[in-house]
Amino acid sequence: MEGKSKLGLLFFSVTAIFLSLTTALEHQTLVLNPLPNPPTLSWPESVSETVQPDPTTSTDPNTLSVQLHHLDALSLNKTPSQLFNLRLQRDAVRVKTLSSIAAAAASPNRTARGGRVPIRGFSSSVVSGLAQGSGEYFTRLGVGTPPKYVYMVLDTGSDVVWLQCAPCKRCYSQTDPVFDPRKSGTFSTIPCGSPLCRKLDSSGCKARKTCLYQVSYGDGSFTVGDFSTETLTFRGTKVGRVALGCGHDNEGLFVGAAGLLGLGRGKLSFPTQTGVRFNKKFSYCLVDRSASSKPSSVVFGDSAVSRTARFTPLIANPKLDTFYYVELIGISVGGTRVRGITASLFKLDPAGNGGVILDSGTSVTRLTRVAYNSLRDAFRAGTSGLKRAPEFSLFDTCFDLSGKSEVKVPTVVLHFRNADVSLPATNYLIPVDSSGSFCFAFAGTMGGLSIIGNIQQQGFRVVYDLASSRVGFAPRGCA
């Protein structure tokens with residue numbers, strides 16, 4: 001009898017453990033935090049205005065690490081709700097622009113590489129796929145010798161590095177004084193015959209000896225000026241002869257930052273230009289500001305690669321070299337694969353249509369309409385016990401969670417080729433107002449391009465290993 005009792009107890013224990021693991025696969029607890037307050041902008045002196053290396057970081061010249069801050073920190077005197085609505089407005093413009101550029105690149109009648117049309121009367125066409133605000137995260141870095149410190153947006157959806165330069169024909173308002181290349185000992189214009197100038201879609205060299213560049217945006221913003229080389233300083237680490245646009249004619253909605261550091265896959269992006277020094281590797285970790293006071297960060301070099309990252313191959317789009325395409329093959333909700341979501345819905349075809357990109361400047365993940373509808377229906381089925389709320393902006397699945405401190409929600413797992421990425425609950429059920437409304441943070445798109453946005457990337461160290469043509473996700477990677 002005693003043996004049977006022990007056997008029965010063992011069976012009960014194994015069953016309990018199995019049920020516990022099954023429950024963990026199916027549901028997780030969401031602690032309900034409100035919309036975050038506007039972030040305060042503070043940079044240690046060693047990070048901003050001095051050229052001395054920060055003693056708390058690695059002195060390895062082949063490693064670079066800097067803090068990132070969300071664009072909200074440059075938007076003054078706004079409430080949390082106002083900031084969130086502005087973010088959604090920027091998001092809508094950006095998604096429309098990225099989708100139109102991908103579609104134009106796939107068009108047989110495209111006018112230039114990527115189908116991008118130059119500004120009238122200007123012969124060069126380094127035209128970026130970015131929208132209003134240019135991106136969502138920025139850092140502070142030094143430009144020139146001696147370095148003058150400015151805020152620069154970092155963005156995976158663009159290649160060109162540029163900033164506003166004096167003298168200005170037209171310059172938008174920025175937080176710091178406009179960079180004056182005449183006061184730098186390392187500034188150099190690029191001749192029209194240079195290989196760097198030829199990397200532009202077409203060189204702006206009519207009746208000129210030096211190279212011109214142009215970047216235009218989906219909201220009508222643009223920057224035009226001299227294509228040049230200059231030294232950039234990150235926390236005391238100098239990176240010399242970076243090809244960048246020195247913009248004397250800049251118009252648009254760039255929200256206080258001086259310019260942009262392009263992190264795309266193209267020939268003129270910062271990771272490509274510095275590939276020899278940093279081994280074509282970088283990573284970032286974007287912090288969920290509603291749950292953590294830690295800063296976000298970006299790392300360049302071999303130390304950017306996390307040991308705990310799960311990798312998926314990068315896919316090349318022969319029609320468009322800027323974006324980071326990955327292979328999404330399915331999605332699970334509550335521990336079960338969602339029927340109707342298959343790899344064929346996200347396939348990048350030989351003409352450049354469709355596909356899935358990772359983007360640091362898009363906030364809300366967009367999925368092709370059929371895939372989104374299936375995902376939404378599965379999530380609604382798993383949250384039938386939660387009180388529904390009206391739709392909000394682009395979100396069609398919202399809940400009234402007022403008066404609660406936490407709720408159980410179904411798990412959501414993105415299945416990439418060779419990498420299953422299990423999302424924290426805060427990455428897909430998010431606060432949208434100050435009255436306890438939370439919404440499912442995915443949306444559908446009528447276009448063929450799907451985009452994995454930064455809300456879904458929060459808390460992961462996202463590793464871009466271009467040397468091995470792969471992207472990795474390391475959970476809890478912001479520590």
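The chain as shown is numbered from 1 upward.
Using the three backbone atoms N, Cα and C, a Cβ is placed for every residue, glycine included.
Keep in mind that this is a model prediction, so the values were computed, not measured.
Feature annotations, courtesy of TrEMBL:
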ACT_SITE  ASP155  active site
ACT_SITE  ASP359  active site
DOMAIN    137-474  domain 'Peptidase A1'
SIGNAL    1-24  signal peptide
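Residue environment of ASP155 (active site) contains 26 other Cβ atoms, counted within 10 Å of its Cβ in all protein chains. When other Cβ atoms within 10 Å of the Cβ of ASP359 (active site) are tallied across all protein chains shown, the result is 25. The separation of ASP155 (active site) from ASP359 (active site), Cα to Cα, is 8 Å.
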